[in-house]
Amino acid sequence: MQRPLTEAEAADAMRVIMRGEATAAQIAAFALAVTVRGASADNLAGMARAAQEFATPVPRAGGDLLDTCGTGGDGLNTFNISTAAAIVAAACGVRVAKHGNRSASSACGSADVLEELGVRIDLGAEEAAACLDRTGITFLFAPVFHPAFRHTAGPRRELGARTVFNLLGPLCNPSGARLRTLGVPSRELVEPMTEVLERLGVTRALVFHSADGMDELSTAAPAHLVELRDGRRTTHRFDPAEHGLARSRPGDLAGGDRAVNAAVLRRVLAGGRGPARDVVLLNAAAALRVAGVAGTWSDGLRLAASAVDGGAAAGLLDRWAHASWQRADLVEVPA
């Protein structure tokens, strides 16, 4: 590759891959070339736009949907912070379409922990839309909505290393959600990932990387953060300690397997105190700011805490788990 690919060229290459017309060797070579050169906003936007052409859309979704996610790859093996934050945000009235998969770089991905919590993860498009209508939150399992990505599975497995493909998942929410919180594994990715989200039609977003390496807003360290709001981008140094949150220590936010992480989420949603609660409230506050529900970080933290302490978040998780197993043609979730 003598020069960086343009957005159109990256999109064309991705279409060849998604159609199953590229060999495993070609897919691996392409992924490595883009990754080694450094995935640019042009590369990522082109690849994500092309991948979305092959996705199964979510009916009746609407553009006011929120997704909360991290790209993974920070190597810290924390519990599922963005998943917990999504539940709290939904309990505050934000419509959430959580796009995710099983674990790629830790012991437990969003799909794994939700499955452990009783949520059915493999809903089809109509079922996912019905669940969203009933509860205000739904899960979009990447293999169901992006079947064409199966062509990349073999080469990615053989490479055994993170590549540009690992950055695409958070960019390719099949609901068209225009509200995003997105954590990335390096500071250098914050600006390009924000630019890509804007090119893909996202109207409001917070994209961040914490100084301790976390692809979430961490309570252990400040974060480099870019806010996208209706076409304007502003850069901040965000320190949670300035908003009254205690500094967490290494290990305070550690996760484990799906059973361990599910227990952490249930404990937080039940009102348990400590570092896990603080980091969930922080990331939920970010989601509430993006959604326009909270005008300030303090408001976001207060609303998130109220949803947890008043039982709304735990109650929503129970309703979500129940609704996810109902037929799409049922008008209401049976009592």
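Backbone N, Cα and C atoms are what each Cβ position is placed from, and that goes for glycine too.
Copied from Swiss-Prot, the annotated features are:
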BINDING   G70, 73-74, T78, 80-83, 98-106, S110  5-phospho-alpha-D-ribose 1-diphosphate binding site
BINDING   G70, N101  anthranilate 1 binding site
BINDING   S82, E216  Mg(2+) 1 binding site
BINDING   R156  anthranilate 2 binding site
BINDING   D215, E216  Mg(2+) 2 binding site
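For D215 (Mg(2+) 2 binding site), the nearest of the binding-site residues by C-alpha distance turns out to be G70; the candidates were G70, T78, H99, N101, R156. Here the CA atom of E216 (Mg(2+) 1 binding site) lies 7 Å from the CA atom of S82 (5-phospho-alpha-D-ribose 1-diphosphate binding site).
Counting every protein chain shown, 25 other Cβ atoms lie within 10 Å of the Cβ of G70 (5-phospho-alpha-D-ribose 1-diphosphate binding site). S82 (5-phospho-alpha-D-ribose 1-diphosphate binding site) falls within a helical segment according to DSSP.
Spacing of E216 (Mg(2+) 1 binding site) relative to N101 (anthranilate 1 binding site) is 17 Å (Cα to Cα, whole number). Around the Cβ of E216 (Mg(2+) 1 binding site), a 10 Å sphere holds 29 further Cβ atoms from the protein chains shown. Each residue contributes its Cα atom, and for N101 (anthranilate 1 binding site) and T78 (5-phospho-alpha-D-ribose 1-diphosphate binding site) these two points are 16 Å apart. For the binding-site residues given as T78, N101, the lowest number of other CB atoms within 10 Å of the residue's CB is seen at N101. A distance of 15 Å separates the Cα atom of R102 (5-phospho-alpha-D-ribose 1-diphosphate binding site) from that of the residue listed as 'anthranilate 2 binding site'. Counting only same-chain residues six or more apart in sequence, the Cβ atoms lying under 8 angstroms from the Cβ of H99 (5-phospho-alpha-D-ribose 1-diphosphate binding site) belong to D67, C69, F139, L140, A142, F145, G169, P170, C172, N173, P174, S175, A177. Taking Cβ-Cβ distances under 8 Å and a sequence separation of 6 or more, the neighbours of R156 (anthranilate 2 binding site) in its chain are A31, T163, F165.
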